[in-house]
């Protein structure tokens, strides 16, 4: 009995390195946030200024919607003839020559109107200046970054590598920067969806940390929060159609949170769900759903009057208008299923990271190869995190609320993928930008994976795999010239960086965790090395985000301007 008691004390006093990892890297996360937002503003402004007019996907059609409202002609109406594939192809292939007007491009007229209503005053004040409208969207993107940080800080207040890393990834993802610096309704939709998610996550946090019977009751403040959540969702649905996919996800999470009444603490049992809590859960869902539906009901009635009794969103009219746009059935009949799948995976991956203009400006192949290796490392990081979570406490350094949010994020990513696949079952639209409405959960998992690789064991194992991959590529290249040598060198250096980065933790964590020779331990644990080690730790962690930032500075001048400029 005495021996068990001692073991219990040891376990109770044990704190895994993951529980305190973040403080070894970032001590001022909000200062880091300001630097990231400043970097985003610089990069996005360069994109907005350097990218030639109309050389962003669907930008002329979105611009025409704003102009239609600003000129006092009411909300746009989609009609047959608003999409001419041959005319659009002539514009794109001719780099939008001055003698060809963009006025006939009206195929986005079916879109919900809120963004265009908000942008109309900017159009009027600027005299319809395209650059000013682009910079307006850049500003919306900066606000979205702050909201994304607030969302993750609410859930993971002590995990600064996760919160700051997610913001950095979103801020410097090249394709997202390019889209944020163009005229479209995505920026406002992302902002409203993030505001809704922030409201939901804060409401959930309060519910999870109420572990008594009082948790079954709903205060007036909570009802107000749910009402605000519904309003924000409704505004999102009045901006972009993909917000409709977020509605059932959020409503389902509200229902489960009230019905199951979970406690945040893993060692404290959640209350048993009851009929009363189930009824209250549906009542909470109504408080969210009704204001959202009331806000978009007038749009539905308008669409029914314009496009027919079954076309609430105008999508049926859109499908009838966009004649000439390549369909999936036609592509598969011509090229085959295997070719379609290969093209879908390859183009989606590339366009998620960055394919610019009207999906015709690619980066260097070596860039995509390095991004693929980085993506593979992130997949391993997620696997290490999953293994650690399965091990349970104390290695799983999260409470029940945080696990629920991660589960919700995973379901949200599945919904994003389902929407993307569903759209591509109809039209050939392998554009990674259609995944960006899920950047909150995507960036959270990216940051979680990269944070996991900053841990000594996980980092060393992943680094060894990268080094082995680089060595295998070198050996294969000796027989067949298959890859650029600089790319192989970069992969090898990336692996060495992950293998050696645990040495930077000397003086901060127990040396046995790092597993380095004693003589290295004696040198690096000296106080005079600690400032340099702290700086190096931050630079290693920030290296992929700094690389993406620098890539953003290069892209407009190396790829976009040479290929699309006059």
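Yeah, the Cβs are placed from backbone N, Cα and C, and that goes for glycine too.
Looking at 462-480, 519-537, the range annotated in TrEMBL as transmembrane segment turns out to be 462-480. The feature transmembrane segment, as given by TrEMBL for the ranges 282-301, 302-321, 322-341, sits at 282-301. Between the listed ranges 11-30, 31-50, TrEMBL ties the annotation transmembrane segment to 31-50. Range 161-181 is the one annotated as transmembrane segment, of 161-181, 182-202, 203-223 (source: TrEMBL). For the transmembrane segment (403-422), the most Cβ-contacting stretch among 161-181, 241-261, 282-301, 538-560 is 241-261 (pairs under 8 Å). If you look at the transmembrane segment (131-152), the same-chain residues 6 or more away from its ends with a CB under 8 A from one of its CBs are 33, 36-37, 40-41, 44-45, 48-49, 63, 66, 119, 122-123, 125, 162-164, 166-167, 170-171, 180-184, 187-188, 190-191, 194-195, 197-198, 201, 439-440, 443-444, 447. Beyond the ends of the transmembrane segment (161-181), by six or more residues, the same chain brings 21-22, 25-26, 29, 32-33, 36-37, 39-40, 43-45, 47-48, 51, 56-57, 134, 137-138, 140-141, 144-145, 148-149, 152-153, 187, 351-356, 363, 432-433, 436, 439-440, 443-444, 446-448, 450-451, 454, 541-542, 545, 548-549, 551-552, 555 to within a C-beta distance below 8 angstroms of the stretch. Same-chain neighbours of the transmembrane segment (282-301): 112-113, 218, 223, 226-227, 229-231, 233-235, 237-238, 247, 250-251, 254-255, 258, 312-313, counting only residues six or more beyond its ends whose CB sits under 8 Å from a CB of the stretch. Counting same-chain residues at least six beyond the ends of the transmembrane segment (241-261), those with a Cβ under 8 angstroms from any Cβ of the stretch are 111-112, 189, 192-193, 196-197, 200, 203-204, 207-208, 215-216, 218, 226, 229, 233, 270-271, 273, 277-278, 280-282, 284-285, 288-289, 292, 313, 315, 404, 408, 411-412, 415-416, 419, 437.
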